[in-house]
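*Asks:* Not my notes, these are from TrEMBL:
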- Arg22, Glu85, Arg124, Lys458: (6S)-5-formyl-5,6,7,8-tetrahydrofolate binding site (BINDING)
- 220-379: domain 'TrmE-type G' (DOMAIN)
- Asn230, Thr249, Ile251, Thr254: K(+) binding site (BINDING)
- 230-235, 249-255, 274-277: GTP binding site (BINDING)
- Ser234, Thr255: Mg(2+) binding site (BINDING)
Amino acid sequence: MELDTITAISTPMGEGAIAIVRISGDEAITIADRIYKGKKPLKEVESHTINYGYIFDPETEKKIEEVMVSVLLAPRTFTRENMVEVNCHGGIVSVNRILQLILKQGARLAEPGEFTKRAFLNGRIDLSQAEAVMDLIKAKTDRAMNIAMSQVEGKLSKRIQRLRQALLETVAHVEVNIDYPEYDAEEMTLGILKEKATFVKNDIKKLLQTAQQGKILRDGLSTVIIGRPNVGKSSLLNNLVHDNKAIVTDIPGTTRDVIEEYVNVRGVPLRLLDTAGIRETEDIVEKIGVERSRKVVEEAELVLLVLNYNEELSNADEELFKISEGRDRIVIINKTDLPENIDMVKVKYLAGEDPIVTTSLLLDEGVNELEEAIKTLFFEGELEASDLTYVSNSRHIALLNQAYDSVSDALQAIEAGMPVDMVQIDITKTWEILGEVIGDSVHESLIDQLFSQFCLGK
Ligand code: GDP
Ligand code: ZN
């Protein structure tokens, strides 16, 4: 495949002490040598070494900056092409100047995600791994990072490949039976077909069972704090944000229509909705409190309903119970440092099965219990194992659902005693759908679209 040489700044703009400019392609080393001066030209150094030197402008011969340059020769590189990485510690201005010089020497500015796209096109990684690279960049918690990492390493790909292999074997077997009956190969009976299809169906189901958790770990559990004015919503928010500093990487080009904040509660990323509303002055909230709550509750996956221990339950409290009925909900009774005026029996009745936690946010009491309740509600134990393959990407989930339907069709055909070659149609379709997860049979337009969501320089 003939691909030109591309370059980009691959560290976040304006942040971090070190900036890296990456170059990838046949000409990477030649281009870098025209603007680099060190002990030896880069074309003479060994692959996978870091070399000290400086960058200069070949037109003026002026020294621009001291740098460390990594030389990585194909094929043992991320893109499987020759790569050069220029590490400089200067600010944005000098990084940009280095980039401009590289462009002048004949490299082209990379599109967002183009380095990863090359890794895919050059067969270094498959599509699900490429998508995982993107998730890795966006990961907000360690756990989300681990999922993405295991996917980059190809765990999901291997699982999918194993399923496809099983399907392919049955298809091949049937073909042999049909085309070469004289070979007298063991007849692919409906019995064997059923066994294989059942194995595939069950494994897809297992993968789909991780999807909800996987998606939440990736995108965050949308959470809303509701309660009457003065019960302690802002205090709770501040407490959560303070204790669980979120890892938030800003992704250029993403717009957020709701104001939200991320917190990481014991490995569960909460995406707190409408936090601006909570922080607004109380008189506004008082007027539109219940109405506004109704709206955000609709978007939320988890509702934290805060009540005041020191006051009697009001109609507004009961209204808030009503609008959040049926959601995953934790009832928080705050201000336990003050005398009890709330009717606990009634609270228990209204809360039903939902966990109730008592807190004094003023004294910082009960917050651990609340965090534990959030974790329990979310993980329910079994899926927490770190070696699990999670499916977290919506595209993968949609495809796995299709594959599940298609293999179910095959099984139904088997049950109905259809001829083997009819069943094979559904089996082949399942094989094709699974191929799309790892990018075996996807359209070029989809590939372009997927990679365009990346950040620049990745
Ligand atoms: P919001 O209107 O629901 O956001 O409530 P705030 O968090 O703004 O709290 C209202 C008032 O209650 C503030 O003066 C807080 O300091 C106070 N407050 C919050 N939590 C507690 C608590 O556990 N005990 C006591 N005594 N006061 C609290
Ligand atoms: Zn408030």
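Glycine is treated like the rest: Cβ placed from N, Cα and C.
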*Asks:* Tell me the Cα distance separating Glu85 ((6S)-5-formyl-5,6,7,8-tetrahydrofolate binding site) from Asn230 (K(+) binding site), rounded to the nearest angstrom.
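*Replies:* Distance (Cα to Cα, whole Å): 55 Å.
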*Asks:* Just checking: which of the binding-site residues Arg124, Asn230, Lys233 have a C-beta under 6 Å from ligand 2?
*Replies:* Lys233
*Asks:* Identify, among the binding-site residues Arg22, Arg124, Lys233, the residue whose Cβ has the fewest other Cβ atoms within 10 Å in this structure.
*Replies:* Arg124
*Asks:* Filtering Arg22, Glu85, Arg124, Asn230, Lys233, Ser234 (binding-site residues) by proximity to ligand 1: which pass a Cβ cutoff of under 6 Å to any of its atoms?
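*Replies:* Cβ < 6 Å from ligand 1, in sequence order: Asn230, Lys233, Ser234.
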*Asks:* Sort Lys233 (GTP binding site) into helix, strand or coil using the DSSP assignment.
*Replies:* helix
*Asks:* Kindly assign Arg124 ((6S)-5-formyl-5,6,7,8-tetrahydrofolate binding site) to one of the three DSSP-derived states: helix, strand or coil.
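*Replies:* In the DSSP reduction, Arg124 ((6S)-5-formyl-5,6,7,8-tetrahydrofolate binding site) maps to coil.
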*Asks:* Reported as an integer number of Å, what is the Cα distance between Ser234 (Mg(2+) binding site) and Glu85 ((6S)-5-formyl-5,6,7,8-tetrahydrofolate binding site)?
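*Replies:* About 46 Å separates the two Cα atoms.
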*Asks:* How many Å lie between the Cα of Glu85 ((6S)-5-formyl-5,6,7,8-tetrahydrofolate binding site) and the Cα of Lys233 (GTP binding site)?
*Replies:* 48
*Asks:* What does DSSP say about Arg22 ((6S)-5-formyl-5,6,7,8-tetrahydrofolate binding site): helix, strand or coil?
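*Replies:* It is in a strand.
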*Asks:* What is the number of other Cβ atoms found within 10 Å of the Cβ of Ser234 (Mg(2+) binding site)?
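*Replies:* A 10 Å sphere around the Cβ of Ser234 (Mg(2+) binding site) contains 17 other Cβ atoms.
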*Asks:* Could you measure between Lys233 (GTP binding site) and Arg22 ((6S)-5-formyl-5,6,7,8-tetrahydrofolate binding site) for me? Cα positions, answer in whole angstrom.
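*Replies:* Cα to Cα, Lys233 (GTP binding site) and Arg22 ((6S)-5-formyl-5,6,7,8-tetrahydrofolate binding site) are separated by 46 Å.
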*Asks:* Which residue, of the binding-site residues Glu85, Asn230, has its CB surrounded by the fewest other CB atoms within 10 A?
*Replies:* Asn230
